[in-house]
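As structure tokens, the structure follows; a few thoughts come after it.
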Amino acid sequence: MIWLTWRQFRGPALMMAGVLTVFAAALAFTGPGLADDYAQGIAACTGQEGGCTRFLDRFLDSHQSAFLGVSGLLLLLPGLIGLFWGAPLVAREMETGTLRMALTQSVRRTRWFAVKIALVGLATMVAAGIGTLAVTWWASPLDKSAVSSYPRLEAIVFATRGIVPVGYAAFAFALGVTVGMLVRRALPAMAITLAAFALVQIAMPMFVRPNLAEPVKATATFSTANIDGVGEGGLLHVQAGVADAGAWILSSRTVDKDGRTVAVIDLPDADMAKCDAPRQPAKAMQCVADTANRLGYRQEATYHPSSRYWRFQWTETGIYLALALGLTGFSFWWTKRRL
């Protein structure tokens, strides 16, 4: 059975191996240069006025397309595994009639199914593990520079680093196998698998991940870090900010001294005149922040601190592996009773 399963699976397996080899080679070729550029830039800006903020912004901007592209490719991998490895695994044999031939060769149904799902399932997790290991290593300098723009707990970074891609791939594969077994036709099973997996992947960061732990609530004063600029008439453009630069901010609002939510901060002209220092923009911006704080404006934020990254990684991976095991158990039951 192992030999037969390998013969049926070797085409898709070799194709995936080729794609991963090219992908990993591209990352291995560009990764060292990326790391060197980051290290040299950090060494050059350390100790300068304003720190390394400008360098980090420039570094991310110059590599943002590659950063998002590489992350996006890995984001697609679990869905493609469910689509092309999971859904057709049983459905194609049922559709073409080769299942009947396999089950007449003195092979029990459960053994036939166990060999197929064990061999291909193991390949699924290995492929996802190689992909996430390569991307996590390659993107390390960019993740450090993007900590405020793309916190590690937010969707695209969290889903393409660490161990969760392995859980995603295992779930997508088990989902595809189960759908294929129920639908009995490969193409409809592939379409349903893709739609169902996409729905789960959208729901997880929107509804489940924010509630994996109790969010932290904090009230903070303004600083130059969360003031984007000053418009005409003293209107402040602000962004959400907490002391933890890599925090995943779920919600935020600006309040006045009475605790009322305000849409904009309108500083008086007299105060703005005191902060007019065109030759010292950093000093002027600090004056604006101090003025907003003196007038009683504050920011309230609900967030998850960056220290919860690995806790969430393990928890979410466990959820997906539990779902995969549940689907696999159902598929075994279906194989014995209904197949």
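Cβ coordinates come from backbone N, Cα and C, glycine included.
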Checking 14-39, 66-91 against TrEMBL, the stretch recorded as transmembrane segment is 66-91
Per the definition of 3+ C-beta pairs under 8 A with sequence separation of 6 or more, do the transmembrane segment (189-208) and the transmembrane segment (66-91) touch?
yes
